[in-house]
Protein chains: 2
Amino acid sequence: MKELEERIRKEGTVKPGNVLKVDAFLNHQCDVALFDQMGQAWAEHFAGKQIDKILTIEASGIGIACCAARHFNNVPVVFAKKAQSINLDGDQYSTSIYSFTKQREFPVIVAKKFLNPGERVLIIDDFLANGKALRGLLDICQHAEVEVVGIGIAIEKGFQGGGDDLRAEGYDVDSLAIVESMDPESGTIVFR
Amino acid sequence: MKELEERIRKEGTVKPGNVLKVDAFLNHQCDVALFDQMGQAWAEHFAGKQIDKILTIEASGIGIACCAARHFNNVPVVFAKKAQSINLDGDQYSTSIYSFTKQREFPVIVAKKFLNPGERVLIIDDFLANGKALRGLLDICQHAEVEVVGIGIAIEKGFQGGGDDLRAEGYDVDSLAIVESMDPESGTIVFR
């Protein structure tokens, strides 16, 4: 998506350690007009597919998913919550996600009542790198016996391989900007 | 706001310890059509006031603020982040908020570059009870030297007094539903 690539080029910052900072418009300050365009782009890509629910993960996915939902007949948005600990009371699906940024595993939960067997789910998130967070959401979807219709991602770091692995497994991953390479010294970003 | 009160009555659950669970439509599963109506209601209340930015706090405030921003000319939404620790590198405003749910203080930060002196800010959040979270956001606003034009809240627990204290101090607090009392045994909820 041209608008997103332009914003990344203009306002994104490449930091050492494969970090792309886009907090000016995506995940600290949010440009909701851009989010709306992103939702429209996903709606075009997934047109004709029945989607009952959007699933995302806190915190950065929530704004994007809520703006996107307008373009999917206002379906409910469910966000997975980062929990203090895995609660085994039986009311929640839980999984564990390794965070590269935080260098540790953290538990993530979704209340069972918000994912019903057979529902058709679109997963939306801001970033896809190695795919650890998405694997956690897919794990929850599998336990919930919902069907993952597709995965909408704002920025994929293509060189980290998580997206291509998911595509090879048959998932319909629609990333609006795929960074093929980036250089912290020159600040250069090359898109796929 | 009638629609919100109806949803609280229909889908909210009163739990012991002054807890009102509204995770079916507000803070775990999100009804974006309702969020849109809420944004419209705030836009009517704050009509005629110049608003440059919306400030909220992760996680539950984000979806509501992003949907509301459409009704405020798509102004940027900035969400305060819950941090692992207070980082004193000088690039961030930070404060500490006591969480009743988690029974502990946690640090909250906003990057300085996203709040500029003199900007006119609308604060939006899902809940207002004793006002601890809002006090943290107001503290950040004071440090940033921005002007708080108003505070838009989805559900205020009126009996906990935080909203009335803020009103007495001159803040324009627009809560779309104010719970005057609620009873965990009967499940009864009385609105102001």
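Including glycine, each Cβ sits where the backbone N, Cα and C put it.
Feature annotation from TrEMBL assigns xanthine binding site to B:LEU20, B:ASN27, B:LYS157. Marked as 5-phospho-alpha-D-ribose 1-diphosphate binding site by TrEMBL: B:ALA129, B:ASN130, B:GLY131, B:LYS132, B:ALA133. As annotated by TrEMBL, domain 'Phosphoribosyltransferase' applies to B:47-158.
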*Determine the minimum-neighbour residue: among B:ASN27, B:ASN130, listed as binding-site residues, which Cβ has the fewest other Cβ atoms within 10 angstroms?*
B:ASN130
*Closest of the binding-site residues to B:LYS132 (5-phospho-alpha-D-ribose 1-diphosphate binding site), Cα to Cα, picking from B:LEU20, B:ASN27, B:LYS157?*
B:LYS157
*Using the residues the record lists for xanthine (B:LEU20, B:ASN27, B:LYS157), what whole-number Å value is the largest Cα to Cα distance?*
16
*Look up B:LYS132 (5-phospho-alpha-D-ribose 1-diphosphate binding site) in the DSSP assignment and report helix, strand or coil.*
helix
*Just checking, which of B:LEU20, B:ALA129, B:ALA133 (binding-site residues) has the fewest C-beta atoms within 10 Å of its C-beta?*
B:LEU20
*Express the distance between the Cα positions of B:LEU20 (xanthine binding site) and B:ALA129 (5-phospho-alpha-D-ribose 1-diphosphate binding site) as a whole number of Å.*
11
*Counting every protein chain present, what is the number of Cβ atoms, excluding its own, within 10 Å of the Cβ of B:GLY131 (5-phospho-alpha-D-ribose 1-diphosphate binding site)?*
21
_Tally of DSSP helical, extended and coil residues in the domain 'Phosphoribosyltransferase' (B:47-158)_ = 30 helix, 47 strand, 35 coil
*Identify which of the binding-site residues B:LYS132, B:LYS157 has its Cβ surrounded by the largest number of other Cβ atoms within 10 Å, counting every protein chain shown.*
B:LYS157
*Write out, in the order they occur in the sequence, the residues of the chain not among B:LEU20, B:ASN27, B:LYS157 that have a C-beta within 8 Å of the mean position of the C-beta atoms of the recorded xanthine site.*
B:GLY12, B:VAL19, B:LYS21, B:VAL22, B:LEU26, B:ASP126, B:PHE127, B:ALA129, B:ILE155, B:VAL179
*Between the Cα atoms of B:ASN27 (xanthine binding site) and B:ALA129 (5-phospho-alpha-D-ribose 1-diphosphate binding site), find the distance and write it as a whole number of Å.*
15
